[in-house]
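One structure below.
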Amino acid sequence: MEYFVQQLINGLTLGSIYGLIAIGYTMVYGIIGMINFAHGDIFMIGSFIALATFLVLTTVLGFAFLPVVLLIVLIVSMLFTSAWGWTVERLAYRPLRGSFRLAPLITAIGMSIVLQNFVQVTQGARVKPLPPQIQGGITLMEGNTENGAIVVQLSYMQIIIIVTTLVLMTLFTLLISRTSLGRAQRACEQDRKMASLLGVNVDRTISLTFVMGAALASVAGLMFLLLYGVIDFYIGFLAGVKAFTAAVLGGIGSLPGAMLGGLLIGLIEVFWSGYFSVEYKDVAAFSILAIVLIFLPSGLLGKPEVEKV
Amino acid sequence: MSTVSTNVNPENSFQASIKDALLAAFLTGVLGFYFLALRTDIAPGGLAVTTRWGLWFSAIAIVFAGRLLLNLFVWRTDKPVTRGLLSASAGVGTALPDLGKWLGRALFAFAVILPFFFIIFFPGQQRQYIDLAILIMTYIMLGWGLNIVVGLAGLLDLGYVAFYAVGAYSFALLSTHYEFIGFWTALPLAGLLAAFWGVILGFPVLRLRGDYLAIVTLAFGEIIRVVLLNWYEFTGGPNGISGIPKPTFFGLEFSRGEGGFADFFGLEFSTIHRFVYLYYIIFLLAIITNIVTMRLRRLPVGRAWEALREDEIACRSLGINTTNTKLTAFAIGAMFGGFAGSFFATRQGFISPESFTFLESAIILAIVVLGGLGSQIGVVIASIVMIGGIEMLRNIGFLSQIFGPGFDPTQYRMLIFGLAMVLIMVWKPRGLISTREPSAVLKEKKKIGADMVAQGEGH
């Protein structure tokens, strides 16, 4: 029981990170109908920016009060990663708008290769370990098993991750449902041509979608860095594929779906590693993706796709 | 771009160009700050940040100057210097069907004599060049195999490398476990097994379309790789399988001394014989792939593939069994991938899951798409440009004289590969050679293409 609760907490934490990345996928897919393959690498870029900012603040400038440092890191990495998201869209996707479907997917794969190798070349291929910054936690349960005492702990790190995700999700849902930007976005999602006829600046709306997706991915990058303490130039690929799986599982195009899918994927992965085998945890996530798509192509919360002739 | 005014377009003024270049430079500064100006490294006592302001400023300067020059002479001017180039390439485009045919014949003729060409004209580096030719030929074959799935049937497969892996592991396992199985007996078996896997993986994903299919095939590719990596007892895990036998020439081994190939034909022993032989094997396999594809295109199943690519709903309403059509495309594409895989295994003599990453799938797909979907000659050109060009980077010595002795061009290979993918796609979204005409086509031109309909146009 204790083991189960602990895994549940871990799964929800990991799932929050996947969910934050998945929102970027689901929004972009909703608005221009393409898989932004480079989104996972934007997440990786975000975590590198967060790491460098953190180091500059603590070692070079000598800030010591952790909450302020983390807040600055969060804001700075959101800003800089957004610039990356914007640039990727501007360079690789906008020139191909209106081209055939495969074209932006190919440039997205190309961009993913470019980003990975750019970071590898400029920052080196070795992993960057950051010692744990936030330690301690709340002990929820204590129990005894035949292997000895087991303590269920909700660490402060996990609390921060889950709370931040909740806050961002709330802000984000409000942004989509209440502001003119969100309205423009929903309009473009339904019919891009009609939206542009009605005076919505479609290019700007799409750019902002990428910017928002990148900002959320950078938050995920920061949390990944704090939670695992190790990043390298390759973390974007797996995290990206799993986040995309989450977006599909929740129903692509649906924001709550992306979050729900992220949590489910996180739970599946953690429980699979906890009870079966760590080696095959990725296989579990990918199999879920295949099974969901085959039996429930529109995902858990998605609208079924109507085939136009 | 398309303004025909006689006055100077305000967009094209010098100030506008400068402003645009400044913006680009500013953006470079923002993007590059954390990657060019700062670098985190492992240092004693944790991570340390080092600064490289010189690199950062030179990147900004290069972007500013490059953008300004492009603005002044290409993008924001009424008389772009590249205009002559563009009209020339348009002329080439119209003459292409003929040119393509002749280019194909010329390339074929060159490919036939290629090993001897290198032996005669580049005696010092023959081995290296023939090896590169084998590599390019492998990618051509893989490209042609994937072209059946993506180019003809229009099914986007991001996990093609799985079949390549199945072929390679089938041959490696069969030949290392059973003495009597050599390359030539294992080759058809590997192809069959890969085709079998193509059907198995094809079945569940048939209902999916477009991007979903792409992501599920990607997932399958990764599943196969993870299984190969972790099923230690069977596949050797990350250590892979070594000691895979080399192919023999009707039972003659390419070894020194009695009973070898050179001994039998009374030639002087040379390691180059084996490379030439390997080259001809992959050349033959690639040509078979090409011929089979060209023939299949004229058969009902090929027509069905093309119909499926153009419009799946119309296809179904005309009574074409889309399930079977998709499965045959998957199986035949996978079979050629399997052939290429077993060739890869025998050439390397060693395989491990590291050779079958997603990147490999991406490279093969890039070759197909950059060459122009469905175009056979396009695959050849794209393979030569992408693989040959990238491998050539290894040999560029003068760059290290410019950038100093610490400069290693190989680490930039994939960066340049990715950039080339993006740039070629943006420049020519239809691929370098854009012939995607169906073999059988109604004489009347459609008002609007099927791909536009798929994007919501023309309802």
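Cβ atoms are placed via backbone N, Cα and C, with glycine included.
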- Message: Looking at A:69-88, A:209-228, which stretch does TrEMBL describe as transmembrane segment?
- Response: A:69-88
- Message: Can you see whether the transmembrane segment (A:12-35) and the transmembrane segment (A:100-119) are touching - at least 3 CB pairs under 8 angstroms, only pairs 6 or more apart in sequence?
- Response: yes
- Note on the structure: Long-range Cβ contacts under 8 Å made by the transmembrane segment (A:100-119), restricted to residues 6 or more beyond its ends, are 32-38, 40-42, 44-45, 48, 84, 88, 91-93, 233-234, 236-237, 240
